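The annotation Ca(2+) binding site is assigned in Swiss-Prot to Asp237, Asp239, Ser241, Ser243 on the grounds of experimental evidence. Taken from Swiss-Prot, the feature carbohydrate binding site applies to Cys258, Tyr259, supported by a curator's inference. Residues or ranges marked as compositional bias 'Pro residues' by Swiss-Prot: 61-70. According to Swiss-Prot, the feature disulfide bond maps to Cys86-Cys110, Cys93-Cys121, Cys245-Cys258, an assignment based on experimental evidence. Sequence annotations record features per position, and here Swiss-Prot assigns domain 'Collagen-like' to 48-80. Annotated N-linked glycosylation site per Swiss-Prot: Asn189, in sequence order. Look at Swiss-Prot and you will find 44-81 tagged as region 'Disordered'. Under the heading signal peptide, Swiss-Prot lists 1-23, citing experimental evidence as support.
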Amino acid sequence: MDLLWILPSLWLLLLGGPACLKTQEHPSCPGPRELEASKVVLLPSCPGAPGSPGEKGAPGPQGPPGPPGKMGPKGEPGDPVNLLRCQEGPRNCRELLSQGATLSGWYHLCLPEGRALPVFCDMDTEGGGWLVFQRRQDGSVDFFRSWSSYRAGFGNQESEFWLGNENLHQLTLQGNWELRVELEDFNGNRTFAHYATFRLLGEVDHYQLALGKFSEGTAGDSLSLHSGRPFTTYDADHDSSNSNCAVIVHGAWWYASCYRSNLNGRYAVSEAAAHKYGIDWASGRGVGHPYRRVRMMLR
């Protein structure tokens, strides 16, 4: 009987039994024990090697936002020298051109009041140094706007814009400025009109247009009629008509009763889609025959 118990135990011993490894949890494997009564050798097993890590679980839901932090300390006052520097900076695009800025693009000019103003300078046309204050080209910007909008200026630097009546007033307070109007029809034909001087009075005078003599241009003169006229928008009627010209023709301009030019009028995407009143220059294509592209610029 004792032999029957011993043989299986020896068989396990010959097979080597479970492998024993030293780990931190089990620094050594327990040795074999022998039971005196039965002479049976017991081979205790050791803990196996740790398995490989399982896959990372999915992230849990986002927790609620924390409470707002405390308000930071008050910042230091700005440097008043910046105002002085702007007062000493360039006042027009021609001055920038003389300083070596030969590429057309957006620059900063200093207004007489000391404020920096971003403007587009055309450094290529007719000797360069032109400040573009109005541009129409694709109808992406609505020009049927309020008095306050025309006062401040609006639009997109990459497409269409109006620089702003107050900015034009500040710019033309000093020096002599000439005006160039450029027009392009839907067939790509380009014309222009040139005026000796241009100035815009202040808001107290409703941004009245003070225009010099028409000097030259293939487009003819369609702006002299508007010289001496205040600016009119749909919510500020200063024209000489019994009605509001801005409302009638869907624009904003130095209307009389009503116009020979209307370069802030409604945009037409094609000749076939022309409106009764649009971007017109009467001495050019006539009223009701709008232009596809327009630029107004000063130097």
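Along the chain as shown, residues are numbered 1 onward.
Heads up, the Cβ atoms here are built off N, Cα and C, so glycines get one too.
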Residues satisfying Cβ distance under 8 Å from Cys93 (disulfide bond), sequence separation of at least 6: Tyr107, Leu109, Val119, Cys121, Asp122, Met123, Gly128, Gly129, Trp130, Leu131, Arg299
Assigned conformation of the residue listed as 'N-linked glycosylation site' - DSSP reduced to three states: coil
Cys110, Asn189, Asp237, Asp239, Ser241, Cys245 screened against Cys258 (carbohydrate binding site), Cα within 10 Å - retained recorded positions: Asp239, Ser241, Cys245
For the Ca(2+) site built from Asp237, Asp239, Ser241, Ser243, further residues of that chain with CB within 8 A of the site's CB center: Thr232, Ser240, Asn242, Asn244, Cys245, Ala246, Val247, Ile248, Tyr255, Ser257, Cys258
Distance, Asp237 (Ca(2+) binding site) to Cys86 (disulfide bond) (CA atoms, angstrom): 36
Cys258 (carbohydrate binding site) - helix vs strand vs coil (DSSP): coil
Confidence summary (mean pLDDT) of the domain 'Collagen-like' (48-80): 77
Cβ neighbours within the same chain of Ser241 (Ca(2+) binding site) - under 8 Å, at least six residues apart: Ile248, Tyr255, Ala256, Ser257, Cys258
Inter-residue Cα distance where the pair is Cys245 (disulfide bond) and Tyr259 (carbohydrate binding site), in Å: 8
Recorded positions clustered about Asp237 (Ca(2+) binding site) [Cα within 10 Å; pool: Cys110, Asn189, Cys245]: Cys245
Lowest local Cβ density among Cys245, Cys258, which the record lists as recorded positions, within 10 Å: Cys258
Helix-strand-coil residue split for the domain 'Collagen-like' (48-80), DSSP-based: 0 helix, 0 strand, 33 coil
